[in-house]
Structure formats: C-alpha cells, structure tokens
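**Student:** After the structure tokens below, expect a handful of questions from me.
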Amino acid sequence: HLPRAGGWSPLTSDRYQWLQVDLGERTKITAVATQGRYGSSDWLTTYLLMFSDMGHNWKQYRQEDSIGSFSGNSNADSVVQYKLQQPAMARFLRLIPLDWNPSGRIGLRLEAYGCPYCEFCHLHGTDSSLWCFSEKCPFSFVSPLCSFVPGRTLSTETRHLASLGSLLDDQHWHHVTLELHSLHVNLTVDKLTKRNIFAPMQLSFGAVESLLQKTIISSRNFHGCLENLQFNGLNLLELAKVNDHRVAAVGNLTFSCVEPNSVAVTFSDPHSFLQLPWATASSSEGASVEFQFRTWNKAGLLLTFDLPQQGGVVWFYLSEARLKLHIQKGEKVLLELSAGSALSDGQWHSVELNSRRGHLSISVDKEEGGSAQASPSFPVAVESQLFFGGCPTEDRQESKDHLDTFYGCMRSITLDTNIVDLILVQQRQLGNYSNLQIDMCGIIDRCSPSRCEHGGCCSQSWTNFHCNCSDSGYSGATCHSSVHEPSCEAYKHNGNTSGYFYIDVDGSGPIKPQLVYCNMTETDTWMILQHNNTELTRIRPSPGVDQLSVHFGYLSEEEQLLTAISQSEHCEQELSYHCRKSRLHNTSEGSPFSWWLGGPGSGRVHTHWGGAHPDSQQCSCGLQGDCVDPQLFCNCDADGTEWSEDSGLLTHKESLPVRALVLGDVQRPGSEAAYRVGPVHCYGDKNFWNAASFDKQTSYLHFPTFHGELSADISFLFKTTTSSGVFLENLGIKDFIRIELSSSTWVVFSFDVGNGPLEVKVESRVPLDDGRWHRVRAERNIKEASLQLDDLPVATQQAPTDGHVHLQLNSQLFIGGTASRQGGFRGCIRSLKLNGATLDLEERAKITPGVRPGCPGHCSSYGPLCQNQGRCVEKPSGFSCDCSSSAYTGIFCQTELSGSFKAGTSIRYSFKDPYEWSRNSSHLPSSIYSDSTPRGENISLSFRTTQSPALLLYISSFYRGHVALLINKHGELWQILQRERDVIFVSFSKLLATTVSVISFFQVDQNARENFNLTSDGEFNAIKSLVLGRVYESDDLDPHLTRVASLGFTGCLSVVQFNSINPLKAALLHPDSSPVVITGPLAQSNCGSPASANPYTMETTHHLSDQSDSVGSGQPLVNAFRTDSALIGGTEAFLSLLPVLSFLFQPFLLSKSSTLPFICQI
C-alpha cells in the first residue's frame, strides 16, 4: 500500500485538473501505481500520464502505441500498478484525471518507480560536430529540427543512405543506435530498426564533415542536444569534455541542454476551440496573425473572426491540404484566396495573414510554401475575438456547416507581433478554450511503423490510418490477406481452366505471389515453374576449358520455388543429355565426368541422371536394363560415334529444382553433346485436401498456441449435417478467439483483445448443415475484424480507435472442440490455415481418438463444375469429371470438340443391326457403341459455314427411312424425315404437318424453344448409320436430297451428339475405333469456339441444343429462324423425335394413311 495519508484532491473535480511530480533529475521511469484518497470515497477510474524534461512541452504516454488512458481504481484502498512497456525518460510526471468515482471526488495517492538517467551535450548547429571511428554507437538526441542523418564522410559527396523515424522534431528525446559490421550498418531509431545499410567506417555527429577539405556543410547540421553518446563502451561526451585525442570536437559545443520554450496546444476533439481577444488599438486599420500548425488531416478550420461593423466573416481553413481564405457576408462571397500544398504531412507549417492599407496577403512557410495577395475594397480587420480550431457551442452550427473540425497542433500564435502566452490561457487568465491539451502536441504517426503489410501504402488522418493495397496482391484493412489462391489445385476447384495464375504459397505470410502456368488436365492439375533455358541446347566447347558449367535462373524467387515444390504431392523435371563420344561416368577411377546440382540454395551435387534413383550414379537405361552397352549404366558411357541419349524425369523433390549442369567430357576430338533441362512440373496440393473428420462433439484436435498478436487470418472449409458446433477456439487469461457454427445458417467469429468481447456474424441464405463444403475466412487486425462465408458479402466490425490491439493467448489451440469439451463440432474440416500456415489435421488425427484423417465425398460440392452431361467421379483427394457421355472434353467437360470439314469430308458412324443387338442384349451401350432402336432421338450440334445448300447430318435406317438436317439455297435450316413412302418436311419458316402423333422441339441460337407436330403413326428406329458431311452411299435417297448430299459440307461442325453417341468426338479422339469411318480431310480445330470467329466476316456459328426442361405451348412452329442471306450462322439447334404411342418398343411400323406432299427448293 501507498503511505496512509489523505492524498491529493483538487478543489474542483473536472478534467482540467492535474497532479505534477518533480523527480529532481532525469529518471528512467518503469512503473506507476495509484490508490484512492485514504478514508474516503474519492478515487480515479481512468487517467492520462504525461512526461516532460523541463516541466513543459509534455508528452503523453501510450500503451501498445495506441491506448492513451490508464484504468484506475475501483475503491480507495486497493493499489493498481502498471509496468510501463517502454520506460519513460523524464524529470517531470503529470497525471491528468479523466473519470472518477461518481459518488465521490477526484482523489489520488501516486507512486512512481525508476532510476536516474543523465549525460548529454548541446550542439549549436552552425559549426558544431563530434566524430569518431565507430563500431557500435548508441546515443539519444532532442532537436527542433525534423531529421538526423549520419553522413558519409570519406569523400566530398554526401549520399542518402537510409531514413528512419518520424516526428523527431517534437522536442523530446529519441534513442539512436548504430551498429557497424564491416561496411554495413544497422540503424535503430527509438523502436524501429533498419539493417544492412552500406556505410563507411567513419561517422560524424552533429555535422557532415570532409576529412579531405575540412569543410562543414552547415545547412544540414544538427541543432539540438545529444546525450549518452557511447562508443563500444566508451562515453564520448566524457572524452570530449577532457579533450581526449580519440574524439575530435569542432565548433561551439556546450555540455548542457537548454530546450526552446515553445508551448503547443492540441485540438483533439470535435468540440475543441481556442478563443483569444483582439486587444490591438489599430484593429480598424488592419490585422496581422501568425501561427504554426501541424496535422494529418487535409481539411479543417484554422481561424475565424468577424469583420468590424458586421462587414462579414473571415474563414481561414485547410481544404485538400491547401490553405484557403474565404470572406463571406451573408450568402455573398466577398473574397477567396489559396496558397500552399501538401500541408497535411504532419510537419510544422507557419502561416501568416497580413492586412494593411488595402492590401491582403497570406503565406505558408515564409512564402517557400506559397503565397497569395489581394486588394479588397473593404477593410480586413478583427472586430473583437479570434477563434482558432473551432467555434464555441453557440456558434457551432455556423462553423460546422462551413468547415470540418481541425484536428492537430498549433504553437507560436502571434497577434500583431505580440506572442500569445498559452500558459495564461491554460490558467484561465487569458481568453477561453474548450477540450484542449495545452503545453503539448499530441500528434501520433500511425504510419510509423506502418501497419500496412505486404508493401501496402499507408496514409493517415488525426484519428485513423488507411492502407492502399493496390497492386500488392493482398486485401483487407491492413493488406494482410492474399487475393490469390495458394495453388493450381485451388484454382481448379474454383472452376478455372488452364492458364497463367498468380499463386501465393503461404497466403498472408511473407512470401510474395508468383506467376505460374497451371495446366489442368482431366487427370491432374500441373503447376509449371519455368527457368531461363528449357530448350535443347548444343554444347560449344571453349579452348582450354576442361569443364562447362551451365546455370539456370528460375522466374520464381527462392522461397517461392522451394515452398511450391514442398507443398506439392509430386514434382518432376526432365533432364536430357544427347551425346556423341561424350561420357557421363565410366572413368577409370569411378568418378563422374559430369554431374548436376539441385535442391535448396546453390544445390547439392548429384551423379544420377533422368529416370534413375538418387545416388545411384546411373541413367534411366541402367535402371531398366536396356542400355546400348549392357555392361554400362548409361547410353552415353558407351562412348559411341553415333548420337545417343540419356533422358528421363527427376522425381525426388528434395533434389529439385536443377540449379546447374557441370559437363566434363566435351573437349576430346569428335566429342559433341546437347542438354535439355525442362521446367519443374508439380501436381497436387497436400494442404488443400488435408482434412479431419470429427465423429463426436467431445472430439477435438489440439495444437500449440496460435500467435496472431496484431494480425490474424484463419481460413478453412467445413461440411456437416449438424446445426451447431465450435470450429476453433484459443484462450488467454482474458483474451480469446473463437469461430463457431451457431445455428444451421449462422457462422460467428468472436474474440476479445482487452476491449471486451466482439462478434462478427454472417448469415447464409441456405442451410449449412447440407453435407456440402463451405468456406470460412476470418481476419482480425488492429483496424477491424472481418468474416466471409462462401461467396457472401464480407461482414466487418470496426476496432476501437484507441483500444487494446494485442491478442494475447496462452492455451492450446482447439480444433473441432473447446477446452470444456462442450459444444464441439461434428463433421469435416479441411485446408485449415492460420496466418498462411496449414495445420496438418490428418497427421494429428491419426493419433487422436474420435477423429479420423481425411474426409470422403466431394462431388456433392464440386459436382456442378462438371458441365455438358459430364459425370462427377469421386477421388480420395478431390474429384474428376467423366466426359465419356458428353460431346465435350476438358477437365470440366467444357471444351468444344470441333472439326474442320472440306467438301469431300465424311464421317460415317455405324450402328449395330437390331437383330444382332437383341441377340446380345447383355451388352451395355456406351458413347462409342449404341443401341440402334432408341426410345427417341436427341440431336445437338453447332455449325459455322458460308455454304448453301449444304447437308449437316444424315441418319439412315435399316428400313430405308432417313432423317436429314440441311440448309437450302436460301440459307434456311430444314429437317427432312422420310419413312419408306412417308415424307415429313419441316423448315423454320413453315410447317406442313397437321396430324399429331410425334412431337419435336427446336431451339436455334438464343431464340425461344418451340415445339411442333409431325405426322406419323409409327416410329423411326432400326438406325443403320449417321453421317456428318458428304454422303457417299446415296442409292436410297430422293434425287433432290442426293444432289445436296453429294455436295457435302464445308465449314465447321462442333459438339455433335446423337442420344448418348458423340460421333464427331469419336472421330477426332478415337479415329481407329470400329464404329467410325473417316473419308476425306478432317482436322480438329477450335473453329467452334466464339473466340475463333472473325468479326470481319459474315460467317457465324449456329447451335442446336436441348432444352428438355422447357416444353413449348404445342402451337405450330412459324418463323423461328429465317435469313434472306446465303451466309449462315447461329448457335445451337436441338431436334427431338419422341414416340408417344403404345408401340414404343415394337419394330418400325408404317402408317400409309397420312401422306404429305414434298414441296422443297433445294
């Protein structure tokens, strides 16, 4: 307990009181303790601490660099002690009450803890310097100037080596340490450090001096005080006092520190203002006002006053960081002036306003920052009062409507050459004020150190800071979270196809994103890491050089490269050596002629070659036993005169990538060689599929304490069939962090860093207990907390501006449960990352009861990625799309298969005889073989052509029937259905059928799908063949159709599908399969894709597609598609012939009762 005395209690209890302690000398203050007034109800609940060396120019002490206030007592007897995180060096301590017991008064007993601290010298600036040859040189300084730059002094040139620190001109002591290592320096200013700065051996203090010319560059000399100047344990100030030869002191140097007597005032509240009387007799003739200010805000009211005799109001303010003068009377603007720029940089700027004899001028920084003049027709003078920074409450509305509140500091206020004594203002003996901090400048540099991560650009206002994350590759309030995926595998599962992508292998970690090519095949997703030479390169020996060294430079940085390789499931790199009389091994003593270096850093020596085991000193042929010389282990070791090759893949990840080749046997006469080192190919992401299944609510995994003091991001995927459960929890003494599923539609991110619990919630539009994967991203930094669920908008919660910022945890990290073993999670958690580092859930689950490694079942979530009738297939780690029943190909069955047709091109796809099929009824249909008697016909295709007439598709029957899809000479699309003597002819401009028995649906391009009726009592079945392009067997065709069939088709056909058969796909990918016969030229191309269309031609692509979920109105089809041009185009058309009568499964029947005339111009 503090001494049992009454304590301090001021007469008036308000926020303008303070208790000041003189410690007698500069002291290193390490702690303070408070207690209420003895035997009373008087105690403080919150207070501020101020420090000073001279009893003025106070500096507020802040905890965690942000919290300005200290929590006090809850009664009069208990002692509350605070150990200062950073000791304060000061002689004077001032405590300012903020809040106290509402049932009592301000009451306090105070104790401070510390030890003496001294030693300083004063440099006068114009001709003073102190220099030494230094290895380690710590010292402190105080100065009214804003920079201290150790200079290079071995030449007449001065170079800027580094800059560090901020607001160093605050007339407070700042600690500096220089550590010299060879020619590099580590520079520390207060708590900030820059390392490995190139610098000379000789350093000077106070001035930049040249040993060659003995001149001093006075314009850059230091004005202020230095103290505690140490050199490897030697006190240089003590040596300078006694003129020790090891230290040279030049100029006017005194060993005391007299600080300038400048009083500042801080405007830190929206209600702050300073009111001063204008007491000059000559006020009617003009006015002169000078002051200095500093701020981070670009806007704010600096000064306002009324002109005499209600002549108007003068507004002197900042706007867009420029100084502006605005004189207004009522609604009328009498005068406007502006000067200066970039005045919101936090530095002191001087301002002058002068009005004399009809001339008005304003200037910034003694006109160096700009000035403006005017000659108003009215006198500019002060009526009675001036208001700085704001207006009193009764005038607040007028001031507020015009301008923003000023947040910042002012000093050196001069009214008509009379300096205003602000201490008298503080003592209520002059003017008036509200919510001001007098005799201190409370400016804080929130961008030093910058809280913007990953190169984000920091800007600030008086109360906050902002991070510009543009072009950084990161997002969030502090540019903490990566906007890129960690692997090609992750991009694939977002629905992306092959291409260049930025991947960020450690998420929010320090490794930068890298650009790689992702080759997404139907089986694996490959990441390709390139280097500077992947071509086959001929070796050109140099005379007198026994060995040739070749080094490879990779486009990715070292950490990017190694991390990408280590996180992949499999990596490989091609290594090929082509030789003629150039051996790899086969030396008499057994040492190799050539080797390669691979792995981290510069690489380790390896003597095995592509396709062989590590350390085997063999090649691929030696492992397989098929070398040219069976007695040797490499083809090139046979030393033959014919070209030979040793090639293969290096698959041992620890030896990748290949850094260099050292080739030795290349100098002999007749020796020739070439090499190729391919790019690194990797597939799989071990982290992306790392998962654990939690079987019970009492099950959990535990990991070491999560360290995310200032910034933390957590991301994972989960799936469950339960409506609630805790995903993650980590506790501290008071702090905690937790993410949970609170209900079937709500995810909650909660935490406490000392400011009380905060929650961020996101509600899902669909139930989350649906057994599908859902993604959670949570982030907490000193500005805000955010939570995102799947692709829903991000929810945020702002952090207090001056609150606690450090998250202090000490328990184990619980995954899938809690420390109390209640409310745990049942389901799967996958790809859990904390600050970019993946937790190995599977490895921990192997040794934890109630938790299983891995989590099967991915098609429920990723199945929709499989397009165009592709089927999702489960894999142990992921899924794949089976495109065998689709006319498309690609990883998601999204790639059109297109063929370029010439006039003679024909693809004939043969079906089995129906009787042969019935004899082998156990044979299942596939995309290659199909039943010739289907229940209905679904045809889809895309085409692009300039030909008319043209035959697109022809289907024949064993019973002489056929279906033809063609374009007539007018560019109209026609369908012809013929069954023996029955002919049904349909165009998209007219319909000739009138009797309903078969229904057909058409959709062309993006036109609405329509249906129409075909006359028939039977079926079209017993299909014999399907032909694309020219029909060579046309004996049974109508003469008009025969002529069109002989012309074939010239153009592009794409994604042709007939029921489950994909004839074009079979022809392009399986041309040797038995059902397919190709005649004439056929080339696979991308002619069917929209990107291949030439916008400068009249040729367009048309598509015929199935929209089976939408049935038309049943009305006849009229004018669904027509063009007067012979140039054809479109998107996709769908034809469906659906038998609807009772003889669906009967052989082909023919009704002769309904016959339609065949009227067609072809």
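Using the three backbone atoms N, Cα and C, a Cβ is placed for every residue, glycine included.
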**Student:** When you check TrEMBL, which of CYS828, CYS872, CYS881 turns out to share a disulphide bond with CYS855?
**Tutor:** CYS828
**Student:** Give the sequence-ordered list of residues that share a chain with CYS828 (disulfide bond), lie 6 or more positions from it, and have CB atoms under 8 Å from its CB.
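**Tutor:** Spatial neighbours, sequence-distant, of CYS828 (disulfide bond): ALA691, ALA692, SER693, PHE694, PHE718, LYS719, THR720, CYS855.
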**Student:** For the domain 'Laminin G' (263-441), what is the mean per-residue pLDDT, to the nearest integer?
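**Tutor:** Across the residues of the domain 'Laminin G' (263-441) the model's pLDDT averages 89 on the 0 to 100 scale.
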**Student:** Per DSSP, what is the helix/strand/coil residue tally across the domain 'EGF-like' (856-894)?
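**Tutor:** DSSP composition of the domain 'EGF-like' (856-894): 7 helix, 11 strand, 21 coil.
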**Student:** Need a quick answer: max count of Cβ pairs under 8 Å to the domain 'Laminin G' (690-855), which of 1-115, 263-441, 443-480 is it?
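**Tutor:** Top-ranked stretch among 1-115, 263-441, 443-480: 443-480.
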**Student:** Would you kindly check 1-115, 263-441, 856-894 and say which stretch has the most C-beta pairs under 8 angstroms to the domain 'Fibrinogen C-terminal' (479-531)?
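**Tutor:** Ranking 1-115, 263-441, 856-894 by Cβ pairs under 8 Å to the domain 'Fibrinogen C-terminal' (479-531) puts 856-894 first.
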**Student:** When DSSP states are grouped into helix, strand and coil, how many residues of the domain 'F5/8 type C' (1-115) land in each?
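**Tutor:** Breakdown, helix to coil: 0 helix, 63 strand, 52 coil.
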**Student:** State the residues, same chain only, that lie 6 or more residues beyond the ends of the domain 'EGF-like' (856-894) and have a CB under 8 A from a CB inside it; answer 'none' if no residue qualifies.
**Tutor:** 489, 492-493, 495, 497, 520-523, 525, 569, 684, 689, 719, 771-773, 926-927, 940, 1055-1057, 1060, 1062, 1064-1065, 1069
**Student:** Can you tell me how many other Cβ atoms are located within 10 Å of the Cβ belonging to CYS855 (disulfide bond)?
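**Tutor:** The answer is 23.
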